[in-house]
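Annotated features, as they stand in TrEMBL:
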REGION    1-64  region 'Disordered'
COMPBIAS  35-64  compositional bias 'Polar residues'
DOMAIN    45-433  domain 'Catalase core'
BINDING   Arg89, Arg129, Phe178, Arg375, Tyr379, Arg386  heme binding site
ACT_SITE  His92  active site
ACT_SITE  Asn165  active site
Amino acid sequence: MTKANTGSQPVKGKPAKSGPEEVTVSIGSGGEWHQTATGDQPALTTNQGLPISDNQNSLRTNPSGPTLLEDFILREKITHFDHERIPERIVHARGTGAHGFFELTQSLEQYTTAKVLTEVGEQTPLFTRISTVAGGSGSRDTPRDVRGFAVKFYTKEGNWDLVGNNIPVFFIQDAIKFPDLVHAVKMEPDRGFPQAATAHDTFWDYISLTPEAMHMVMWIMSDRTLPRSLRMIEGFGVHSFRLVNAAGESTFVKFHWRPKLGLQSTLWDEAVKIAGADPDFHRRDLFEAISVGDFPEWELAVQLFSQEEADAFPFDHLDSTKLIPEEWVPLQVIGRMVLNRWPNNFFAETEQVAFCPSHVVPGIDFSNDPLLQGRLFSYLDTQLSRLGSANFHQIPVNAPQCPFANHQRDGHMQMAQPTGRVSYEPNTLAADSPREHSEAGFYSAALAESGVKGRIRAESFADHYSQARQFYRSQSVYEQAHIASALVFELSKVEHPHIREAMVGHLRHIEDGLAQRVAYWLGMGELPQAPTTAVAVQDLDLSPALQLIGKMKSTLEGREVGILIADGSDAATIEAVKEAVAEAGAKVKIIAAKIGEAKLADGSFSKVDGQLAGTPSVMFDAVAIILSDEAAALLGKEAAAIDFVRDAFGHLKAVCVDEGGDALLKTAGIEADAGVVNIDCLDDFIAAAKTRQWAREASIRILA
Ligand code: HDD
C-alpha cells in the first residue's frame, strides 16, 4: 500500500513507496480524504504535466505557519480557477445546447447552390443552442421571455449559422436601437434587479416610446414565451434572407423550425411555480429526453417569395417587425433536424459556441433588412470580447468540419501550427498554399444599389399596429385573455403611471377591447389617448396559424404524467394508469409523501420516484390521484397534497381519480368537471390528458 498520511502530523517529503498498485483512500491530518492513483489511473498533474503528490494541503513550514509563495502548484491551481469564467453573453446568457443533424428531404436546387439545401438525404452535423434572452447565465429556465433558437450547420462548404428566435418578429427595425433595447430590459443599473424579467419601468418606458415594438409585444405577452419544453417551441430565422441559384438569380426566404411534438406552453402561474420547483426545468427535460434516446426533432420549412411578390405585400419584407402570414405564402417543409447528442462538456461547447448571422455559405445571402445588416457586425465583435481571441473559430465546437485554410496567422491562443515561409496570397513560393476559388467561392448577390446617403427609415416601415392587431384578433378567446392578463401583470409592476398610460394608449390601436381590459385592471379611470400614427391601421385578414392553441398537438408523446399514491393505494389501478399512459407515449412518475417505496393494498410495493413537496404537479402534463380512504384523509391535512391537486386543476390539466383521489379533490374544494375523470373511464382520461382543459378556465379565472 502507498504510505498514507493517517497520523496527526502532515506528510513531510516523499512517502516511502511499497506494496501493490491499488487505490488508497485515507484520512489526512486535516480529516480530508486522499485518493492515490493506481497503475490504471492517470496521475493528477499540473498543467505542465508534473505529477502532484498531495492535492489537499498547501506548502507550509509548520502546522501553524504561513503558506509559502513558493507553492507553484497551489498558485497554478488557484490562478486557473480565478480565470474560469468568461464574460457571459450580454443577451441570451442562459442557454442549453445539443448536437444533432439536419437531413434534407426536398431540394431547393431551383433557388440555391447551397449543398446543405440541395443534396437530398445528406445529413449535415449541427449544434443547436436554445436560450432565454434577458436573464443571466445562472437565472431560471421559465421566465416570460423570448427563446433564442440558434443552429450552427457544419456544412461541406463552411459553417452556416441560422441565429433566430421562437418568435418570428423582433422589437426594433434598425440595429442601432439594439443597445438601448437591451439596456432597458436588463436589470436596472442602479439597483441590479429585476433579473430575467420585463416587468419593470425601464423596459416598458422604452417600449412605450417605440411603437414599432407593438407587434412583438403581442407575441411576448402571449403564452409563446412560456414554453412547456424546449422540444415544443418553434424557431424562426426572422429576417428575409436570400437564396441564390446557379444562374445568380435570387429569391427571398424565411426559415421556420416546427417541432415534431407540436407547440405546448405552460400558464403563467405554472411557469412561476416551476421556476421555484426546478429552475433547470427545460435544460433537464432536454437532457433527459436525449439521454433516453427520445430525440427532439423539428421540421425545417421555408417561405419563398420573389421581389415582385414582396412588392405586393402591404408591408415591407425587410422590416423585422413584420411576418408573412402562412396563409399568404405557404410553408414548404424541406428537411428535419434531430438533436441526438448531449455535449461532453457544457462550458467547452454550450458556453463557447459562437454564432454569427454573418456565417453563411455560397447560395445563401443577406437581405437589406437594417436589423440584419447590423447583426452582421455585432456577433463577430461580441465573440472577440467574450471568447477573448480572434482564434475562437479553432475551438472545436466552432471549427468548420470541412477543410479550411487561409493565411490568417498568430494571435492570442493560436492552436494551429502552419508550416512554411509563406503566409500571404498571391504568392509564387508555395504552390500548394490556399487560393481563391472562382467556382466554389462565395459571391454576394449582384444587386444594383444607389441613393442618397443619410440616416434613413423607409416609409414602408411606418405601419406599427396592423400586424399587432392581426395577431391579437387571430388568437382564441383564451389566448386573448392571457395576453391581457400578462399586460396587466407586467404594467402593474411599473411604478410610473405615465408609462402605463402610454402603453394602454398603444393598445387602443391594436384593439380597444384589449385596452379597456388592461386599463380596468390597472385601475385607470379613463382610457388614455392613443398616440398619433403616421399611417392608418389596417384590418388585415385573420391568420389562424398565429394561434398557439391551434398548433398544439393532441398527444401525450414527450409528455409526463404524475401519479400521486400512498401506502394502501390500489396496485391494479396504479398499474392500469401506468400502462395506459405509457401506451400513449408519455413518461410516468410515481409521487408520494414518503420517498422510497409505498406498500400497496395487496401487500406489494411500488417504487416512489418523487417526494410530494419536491415534485409538485406543475412538473406534469396530467395527474392521477390514487389513494385509500385513510391516505386521502391524511393527505387532506397536507398542504403539499392540496396544492398538488389544486394546481393541477388550476393549470387546466386532466385529473384521474379513484374514490380516495376524489375525496382529496373534495377536501381541496375542487368541483369536478369534464377534465376530472374517474379511473373507470381511463380512455377518457388519456384523451383529456392530451390537451388542456381550456373550457375550465372560465370557472377559475376572470377572463374578461
Ligand atoms: Fe442577437 C445573441 C437572436 C437581434 C446582438 N441573438 C443572440 C442569440 C440569439 C439571437 C439566438 C444567442 C446565440 C447563442 O446561443 O449563442 N438577435 C437574435 C434575433 C434577432 C437579434 C433573432 C433579431 C431578429 N442581436 C440582434 C441585434 C443585435 C444582436 C439587432 C445587435 C445589433 N445577439 C447579439 C449579440 C449576441 C446575441 C450581442 C449576444 C451573445 C452573442 O451575440 O453571441 O451579439
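Each Cβ is built from the backbone N, Cα and C atoms, and glycine gets one as well.
Annotations in TrEMBL come from automatic prediction, not curation.
Feature annotations (TrEMBL) mapped to structure.
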{"residue": "Arg89", "record": "heme binding site", "Cβ neighbours (10 Å)": "21"}
{"residue": "His92", "record": "active site", "Cβ neighbours (10 Å)": "23"}
{"residue": "Arg129", "record": "heme binding site", "Cβ neighbours (10 Å)": "23"}
{"residue": "Asn165", "record": "active site", "Cβ neighbours (10 Å)": "25"}
{"residue": "Phe178", "record": "heme binding site", "Cβ neighbours (10 Å)": "18"}
{"residue": "Arg375", "record": "heme binding site", "Cβ neighbours (10 Å)": "21"}
{"residue": "Tyr379", "record": "heme binding site", "Cβ neighbours (10 Å)": "19"}
{"residue": "Arg386", "record": "heme binding site", "Cβ neighbours (10 Å)": "17"}
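When DSSP labels each residue, the compositional bias 'Polar residues' (35-64) comes out as 0 helix, 5 strand, 25 coil, counted as helix, strand and coil in that order. A straight line from the CA of Tyr379 (heme binding site) to the CA of His92 (active site) spans 12 Å. A gap of 21 Å separates the Cα atoms of Arg386 (heme binding site) and Asn165 (active site). The record assigns Arg89, Arg129, Phe178, Arg375, Tyr379, Arg386 to the heme site; their largest pairwise CA distance measures 21 Å. Residues belonging to the domain 'Catalase core' (45-433) score a mean pLDDT of 97 in the model.
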